[in-house]
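Below: one structure, written as structure tokens.
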């Protein structure tokens, strides 16, 4: 039996297979977890439980139902990233409303401000069933985007302030859809929820490419069609996803063998996701003159989204697949979160025990569990104390440094940590600035005389954002052969952004430079968006991730306003509108490289600041990651030794 044994699992975490109980939640992610508990979410499968009491395998029909739910979540995510196609109709909206570039920027900010009210979706899940919240989100989008379509089609006239409110309502609907998807993944894949979240969140990045295909299939000359699609398609997808959601299976504990089998399924689904992204990249910006060709390409994209429904059939052949294919691979369960569920639970046990040791004035009770906690702490402190004290920046690098991963940080403690603000600035100057760039793609292409390539640029950004999101899980798949701290990967992901902006500033008139820059920015921002929850959980505690991550993403509306105002002031100044910060009836179009030249230079410098902050964060947290990985491998070695012991083999038999 493992050193921690059943005693460790029972004394320091809830009993295995127990229903999850969490404190009163305040923000979206914690509300998701609490709602998942209210809807039957079972606690994690204890890796140190007595193997004699193995959980019976789920019936294949129940297994197939959960995979159908995953496919339904993929559909929802793929068609509800409606904020990414703003640039496709922004120029037409600006013309119809007769507003300046600055006022147009306020509409984009209002859409991003919807994230501030995302907590309301988790609150709704505490009182309403999932399907009700899903349709509430769909009808918010129907009203928000539908009325905007009436306005841009000159069928309805509304004051500017009401259009701002409609953008806010539409942005809020996206957060509600995301919350429903999170709860479905958490409930139906408790042992592999990290993999489920990483896969489904990635599909949110292809929405713009899918809508670009749909627009070309129905009416390529109408930019207002995007608003109509944004209002109707999510509602239609919600209706299609209703049956799997209503027929959710009861969630029972699963065996380690089933967990490993599911990891293979997720690997296959990720391969299929890559193929979908490549297809959209190649054909998403189709400019064919024939609507028939465009509709065939749209049909191909829809087929790739429906194809995962074959997974339930694969589930029926799971035993054959396991014995013929899985045995030739040795994959550890991993994915979106570098510190996976079992590692986090062990880590929390060590932290909990360490706290008890401190309350007892450092006295040990002599148990093996206490030795593990004491050695873990000592090894982490030893690594942190071996820094070279001769450099002039040593004081900054060592001040208030994280000693170990997973330690809980309440909000009041979080805002006092230097590591958090380095992380905040890195996100603010990296992922957020990429989002603002995508909102301005329509005006950027128009000013450079490439209006006809707006759809192509939108597809490039969407597709590469999708690839970036998928890549956020790659570090975990290669962890066994090549380990690198998550904050280090974040630094690498931020590198393309300043390169892209300086490239755009230097060769802005070149369509090739515009395409390459857009692809690099999409790839970088997509990785950051997908990896952010993982980094927040690892650095500042898994139990506090709901509050802490929502504090982090406050930088999105702030950055959307700040960066958008910078760009709009320069744009309107060159267009002859003047520097008017409030509402103005004047509307102008700026043409030429100078419209965004200074903006690209400023954005490049700002993103370089984010890269430096990310590098400092990596250097300050590297020892904590190294200590965690070293101790995780030691625990795995001990567990493998225990599992190979004769007594355990007899129990498994």
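Note that Cβ sites are derived from N, Cα and C of the backbone, with glycine treated the same way.
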For which of the residue intervals 104-126, 196-218, 334-356 does TrEMBL record transmembrane segment? 196-218
Which is it, of 264-284, 369-389, 390-410, that TrEMBL names as transmembrane segment? 264-284
Of 296-317, 626-647, the range TrEMBL tags as transmembrane segment is 296-317
Can you work out whether the transmembrane segment (133-152) touches the transmembrane segment (450-471), with the criterion being 3+ CB pairs under 8 Å where the paired residues are 6 or more apart along the chain? no
If you count Cβ pairs under 8 Å, which stretch among 224-243, 420-438, 483-507 touches the transmembrane segment (596-619) the most? 483-507
When you scan the chain for residues with a C-beta under 8 Å from the transmembrane segment (420-438), skipping those not six or more beyond its ends, what do you find? 84, 86-87, 108, 112, 208, 409, 414, 444, 458, 461, 490, 493-494, 497, 518, 521-522, 524-525, 528-529, 532, 535-536, 539-540, 552-553, 555-556, 558-560, 563-564, 567, 603, 606-607, 609-611, 613-614, 616-617, 620
